[in-house]
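Annotated features, as they stand in TrEMBL:
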- 5-22: transmembrane segment (TRANSMEM)
- 28-54: transmembrane segment (TRANSMEM)
- 66-89: transmembrane segment (TRANSMEM)
- 117-141: transmembrane segment (TRANSMEM)
- 148-164: transmembrane segment (TRANSMEM)
- 170-190: transmembrane segment (TRANSMEM)
- 202-223: transmembrane segment (TRANSMEM)
- 351-371: compositional bias 'Basic and acidic residues' (COMPBIAS)
- 351-380: region 'Disordered' (REGION)
- 483-496: compositional bias 'Basic and acidic residues' (COMPBIAS)
- 483-506: region 'Disordered' (REGION)
- 497-506: compositional bias 'Polar residues' (COMPBIAS)
Amino acid sequence: MTRPLPNVFALPFVLYAIAYWMRGQTKPFIICSGISIIVFRSELAIFLGLLLALDLLQQKLSIDGLLKIALPAGLCILASTVLVDSFFWRRLLWPEGEVLWYNTILNKSSNWGTSPFLWYFYSALPRAMGASLAFVPIGIYFERRLRPLALCAVAFVLLYSILPHKELRFIIYVFPVLNIAAACGCERLWMNRAKSAWHSFLAILAVAHLLFNMVMTIFLLVVSGTNYPGGAALSRLHRLEVANPNVSVHIANLAAQSGVSRFMEIKSDWIYSKDETMNYTQAEIANYSHLLVEAKNKNNAELWATLQEDFEILEFIDCFNSIGIQYNSILPVRIKTKPCIGILKKRLNVEKASRHQKKPAKDKDSKESPKNKRKKDKIEAGVSKQYQDMSLVEDETKVIIKEPEPIEIPKQMAGLEDDDDDDGIVATVEETSLEQNADGIEATKEINFQELRNLALDHTTRKSRAATKLKIRKIIEQHYRSKGRPIENDSAEQHKTTGARTGMRQSVKSIIKQEKIKEMIEQIATMDLTRICDLEKTSTKDCLKQVIDKIDDGSIKAN
């Protein structure tokens, strides 16, 4: 209903044609069929042609009578569509004729994707009809008058399956017909409900399947909401650049097919382009400030390597990937998504490297300056003193730890040469605080790709940044434990210690001492995982484990 495509416009004429055919009104049946076929969808010649062939075989209509109606009606309909569409397209044109030539004669519809021969039967029809599909054979069996119409609908789907490119909208005309068959089957079961207990049970199923269809429809509606990443990406770009009038955005093919429409071009001072000849050469991308492109995969890895030299990634928009089973929730299923559309923005500086990979001039030397070392020692001494001031109040049944006030460290103490307030001991103390309250904060959730992306792009708050790093550290420790490698002052062991002041001291001390893990966390925090893993096939957690192994064996060098 929300997609003004030829299939949707043809559907009312098809329904009228079927109604006239059922009533035996030949002339309006032929005229409605002609409009449907010549103006909107030529493949309807198969479906409506089968109904016409039945009338000819049953001698309800003669060939002479057919020609007397079809020829003048067909010529008038063809002339109308050519005149109207040629005016709007500014050239001599029969639109459906070009579509027929492209899809059937040239057989180029497969350029838009292919599906298995029986895809309509095992995927499209079950999704469209739900449990009602089970009642179709019952209706065909009990209602003889319905058999010719229903069998023609099934034959149409079977014949149309020969075309490799398949979409559900291509066969929407058969759904009302098959629903008639299902309704006849349900009616017969309901009428016989009083005959026996078995018939009563079948009647209850006939009613209950409507409720099942309702739930299934709501679920599929939620799933379908994830199938429009292009529209979501353009909406997100409007919010990200709401104050920027100088935007020129190119919308790639996938984004244009998944939600982007002219109705979304709400900025009169923006330039929106859907140029399908775009090859992403340096000369072409120089004309755009933003790009909406398909997320990195095995087919466009080289393209992404080129684009990331001149564009930074603002965000990824997820789309539907699969449906998974979950056992620890009220809902038994969950919708899995994957990065689908990337929002890219042209870099403002001429340097190609990310700002997370740039180092100040004074930090080029691997040795720390004495001035910075004295400041860091001063900070560590202050932290140690702060935790030594904690008091323990001992009760008969439990030990209560009185935590200190939050530590506020001026940026000047953190080092004038480094503006990153997330570095050094500041991040360590904050992560420790988060770890002590891990049961009630976001750090307990499983890490996802968007968190790492926001961390690398510095699109995070102080708290969420520390929480993400804490998740990374826990994954590193879990990975090491699974491989049988001991970890000094493991954070998992720290949580078990609740009643001693030395346990709290050791928690801070362990974070400061684990330099290797800390360096690994900082390195992962600036990485682009799409350059290392195929996130369509690998979860974020498994990808991080691969990165950990590569850092350990030296495949990935420290920044």
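Using N, Cα and C of the backbone, Cβ positions are placed for all residues, glycine too.
Model, not experiment: these values are computed from the prediction.
Tertiary proximity for the transmembrane segment (202-223) is limited to same-chain residues at least six positions away from its ends with a CB under 8 Å from its CB atoms, namely 127, 130-132, 134-135, 185-186, 189-190, 192-193, 320, 323, 333, 335. Listed by sequence, the residues of this chain that lie at least six past the ends of the transmembrane segment (170-190) yet keep a Cβ under 8 A from its Cβ atoms are 7-8, 10-11, 14-15, 18, 43-44, 47, 120, 124-125, 128-129, 132-133, 135-143, 146, 149-150, 153-154, 156-157, 160, 199, 202-203, 205-207, 209.
Put simply, of 5-22, 66-89, 148-164, the stretch with the most CB pairs closer than 8 A to the transmembrane segment (117-141) is 148-164.
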